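Contents: one structure, followed by commentary.
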Amino acid sequence: MFRNQYDNDVTVWSPQGRIHQIEYAMEAVKQGSATVGLKSKTHAVLVALKRAQSELAAHQKKILHVDNHIGISIAGLTADARLLCNFMRQECLDSRFVFDRPLPVSRLVSLIGSKTQIPTQRYGRRPYGVGLLIAGYDDMGPHIFQTCPSANYFDCRAMSIGARSQSARTYLERHMSEFMECNLNELVKHGLRALRETLPAEQDLTTKNVSIGIVGKDLEFTIYDDDDVSPFLEGLEERPQRKAQPAQPADEPAEKADEPMEH
């Protein structure tokens, strides 16, 4: 991971045209626990996997309330996410106080992009090490946005970020055509199935490690934790078991291992 003199500061470009400090911040997002966002014609849903630092600690909150029509889920550094969430809450309050209307979701995401871009260009600062999935509902309908430490943001029909999130994205891509016509319960189940793909084979979703956020038409942003998640998990079919690979006979020489793939 050492980049010689090209990763000492965020204002230094490498000869290949890369800013390594931003790439390191993107890696912090990949280390966070997975979260999934998806939407239908009427609702947007966030599903997040919660972690506990130890057996003695409570599970960390992964879905945060921003306004009545907006919520976020996070992957990466929780402290950075808390600061960005407070900024978003203040912008929503300002909109209601000054203009007497809720802040459009796309406008809020644009403000977040502007705020997260500043540390990528100024000496002595570091990028925010957190990725956000933003779910909201406004006059344009439901929205799912993804933001990155690089200050890029994307409007998505469905997205997953965090550790092992590629498995969840594969599920979302396979079933994306079904989401727009789903009712709320079916949409949440799709999110849970996608999130379950990020877990090791010996683990499963429980009321302790799952959090759900829902917003939509005539429904303010609501977070479901602990026992409130039970009705959604009860309707979820059991996880299909993966076939175990047959053991190699001891008297046969082991085949030469494949060369490691480059990352």
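Just so you know, glycine gets a Cβ as well, placed from its N, Cα and C.
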According to Swiss-Prot, one residue in SER110, SER150, SER160 is annotated as phosphoserine; name it.
SER110
Just to confirm what the record says: which one of SER54, SER177 has phosphoserine annotated in Swiss-Prot?
SER177
Give the three-state DSSP assignment (helix, strand or coil) for LYS208 (ubiquitin cross-link).
coil
Inter-residue Cα distance where the pair is SER177 (phosphoserine) and LYS115 (ubiquitin cross-link), in Å:
34
If you count Cβ atoms within 10 Å of each one, which of the recorded sites LYS115, LYS208 comes out on top?
LYS115
For the recorded positions SER110, SER177, which Cβ has the most other Cβ atoms within 10 Å, all shown protein chains included?
SER110
